[in-house]
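Per Swiss-Prot, the features are:
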- K262: ATP binding site (BINDING)
- 12-22: motif ''HIGH' region' (MOTIF)
- 259-263: motif ''KMSKS' region' (MOTIF)
Amino acid sequence: MVGQRVRTRFAPSPTGYLHVGGLRTALYNYLFAKKMHGDFIIRIEDTDQTRKVEGAQQNLIKALEWAGIVADESPEKGGNYGPYVQSERLDLYGRYCQQLLDDQHAYYCFATHEELEENRQLQIKQGLQPKYNRKWLPEEMGGSMPPSVIRKKLDEGGPYVIRMKVPDYVSVWFEDIIRGPVEFDSATIDDQVLMKSDGFPTYHFASVIDDHLMEFTHIIRGEEWLSSMPKHLLLYEFFGWEPPKVAHLPLLLNADRSKLSKRQGDVAVEDYIRKGYSNDAIINFVAMLGWNEGEGSEQEVYSMEQLIEKFSLERVGKAGAVFNIDKLNWLEKQYIKNRPTEQLVPVIKPILLAELERKETMMPVDLITSEAYLEKVIELMRERVGFEHEFVTFSSYFFFEPDSYDEEAVKKRWAPDTNSLLQEFTEILATLEEFSAENIEAHLKEFVAPKGLKAAALIHPLRIVSSGVSFGPSLYHMLEVLGKETVLRRILKGREKITFSA
């Protein structure tokens, strides 16, 4: 394996959505492969046909590609090591399983579900770790089952599985890139089923066969697979193969340090896409769930290119990583604040066009969908929104008439003379040839000064009638962006709808 091109893989089961933990596993495999100028491969592990969900494979790959994780080889792309779907590789597993049978590293087992459960319950009652009791281990392999009985069962054609025979009294040791040396006693390892009664291999068997045949150099996966390693290493030993290097990632935890689960929040990548999170923020956030650049670095916002450059498995911790949604929200805001305006326009425009399909506007559609107009809205609102879609939804008054006015703000800001002041000031605004923020501000101050009023007497009512709300960006810049025609129309409508009430 020395000098071999680095090859990593993400091998999901098509059983539903892409979990954020799965996204992290895929990301770390991708980052490591790209940093090492190697290849990242997607393999679909669908050996458990009972859990297979129609369309899940396509959705998994679509979610990965949304995140910017594009495979060099996959079921869709193909490659030199296919097929990349395990259910299309069944003949391979059968041949290798027969080799283990011939070499007496595996045996037929005809135990029924009832027998297995009875044995399990008995061992639990005795305080023992549940394991198969080897009733069907043949005499020639150190068991008690006569070969004639096994042959008779095979001739009868009844259901059976094929189990690996775990050697007695051996220690299984390996070096984990993240955790260091790890050791298991073979006494704790069950005689794992390799081939099920339906002719499909188990995860453990198919995974080892494929990882070897596809020439993966590194296996990077979640901590939950750590206990499977001794079974996998024994299979490598049985076949005389060199195992790949391994790294087991820390668990993802809720804020209370319980294992991340749907009961305490969203765990599907699709949920975060639906809520409007950007792929940049999600990838940045997920990358830091277990990894950090190290002492001396204060950087928290990374592009994919920077992550590839700086990532290393040696900087991944062993302790569980807490999924902090506040951190994700903070990152989302950082990306919005720092992303060039010209990159945000093509993201926001489709959101606006979708809204225009649902709602009518009194503003010129050509104007409000133009790049120049959207750029002005972005510059005014980028410090105030948390998601890209909020440039349209949270800032809807830049595109649609207010359908209501903030009642509390009206109670607080409306005086007996507010409507008459608005009427007078409307006449001044109508005469402005240059409808700019500076010009509007100057004329407003000139208007209120002789009356002994503060600018706030008009600023707040103007904001309410123009936007429907009591908060937002600079009023004068907001009015400039809206334009004279829209502002005059909204002031008139506001005066008609809002009256002073003591």
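Every residue gets a Cβ built from N, Cα and C, even glycine.
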Q) What residues in the same chain, six or more past the boundaries of the motif ''HIGH' region' (12-22), come closer than 8 Å to it by Cβ-Cβ distance? A) 42, 44-46, 48, 51-53, 56-57, 59-60, 63-64, 222, 252, 260, 267-270, 272, 286, 323
Q | Average pLDDT across the motif ''HIGH' region' (12-22), rounded to a whole number | A | 94
Q) So, by DSSP, how many helix, strand and coil residues make up the motif ''HIGH' region' (12-22)? A) 3 helix, 1 strand, 7 coil
